[in-house]
Amino acid sequence: MTGLAVFAVGCLLFWPSGIKRSFGGFCGSMFVVGSGLATLETAADPFLSICGPPRYSEIRLNLAQAVQGVGSFMAPLLAARVFFANTGTNVDGLRNVQWVYLGVAAFDGLLIVLFFLAPMPEITDADMHVQENEIGEYDPGPFRKQTNLFLAVMSQFCYVGAQVAVANYFINFCVETGRDKATSSDLFAAAQGLYAFNRFLASGLLAIPAFKPRYLLTAYLALCFVFIVAAMNTGGTTSIAMLCLVLCFESCCFATIFTLGLRGLGRHTKMGGSLLVAAISGGMVFPPMAGAVVDARNAHVAMAIPMMGYVLAFIYPLYVNIYKRDVMDTHRDTKVGIEPVVAEDKALHLEAQPSRVEKEHAGRPEVQIVEK
């Protein structure tokens, strides 16, 4: 709710910025909006991952990201052809912008009320520790030893950086092949549509036991690398098609890296989720590097930057497939949160175990107290 509230405040700030016709005000308002969205994602992604049966965490987050992908596809179209269709450089166009953001703020306020009234569960570190014991019956150890998490953060940083770099220079790439900017924008919208569709497809595949999340992540990242290399070394329509396929297979990578990175963390889950969200900052690092190559050479050569991002991100799926298969598959196969009897049987099993005091006295001769 805090993230939604900050986002709503940012949208409301567009109104006075429009009245004053202040470019600085618009930039400040956009910064507040971005802060609200960052706060929201920091809370929402870990919550979706851990709130529910652990075996379905990838499916939950991928479905949520699929809905977000639909929004990414529809938002530019609605903005260009509906909300801001008649927006120009005059006062009437500016007023149209103000009303749109006011409507967004009102809808956001409604969401805050709904979340306040909804019985949303609070998940503590102790809850996550108990759940890990029910699944794997082991202690994750100190935070500094969570190699799986740290590699996931690195992979997420590189993957998101590569994803944003490809999206930022997609239109430049298409223009180099002879398309005009309008056609290039439509092609980018189509690629975004493939991106959203493949997220729904990946969610369906993850529901099939044979398609383990670690397998799907490995395959999708490998295909991203293959198609971006093909896009760099071809021209015309073929290169555009290859780059569209890169966006298509980027689909499930973010959500799957996120959920696999949280596996087995127990009481460290919240901290791990925060670090994985912070890894999105890779989207700030890679595009400037790609932009420098575009200025020096061209967009085709610049795709070498996201290509290296995919190579570095691929280290993590290799790690989980070689060294962490047991942890990943145990969480995938667990019945915790699905069969209610599991928790009851666990409690009965713990009650049936001898206590520490009973173990200490086991084997000792029984001492009888005789009254004199």
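Placement of Cβ uses the backbone N, Cα and C atoms for every residue, glycine included.
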64-84, 274-294 - the one TrEMBL records as transmembrane segment: 274-294
Remote residues contacting the transmembrane segment (274-294) - C-beta distance under 8 A, at least 6 residues beyond either end: 38, 41-42, 45-46, 149, 152-154, 156-165, 168-169, 172, 257-258, 261-262, 301-306, 309
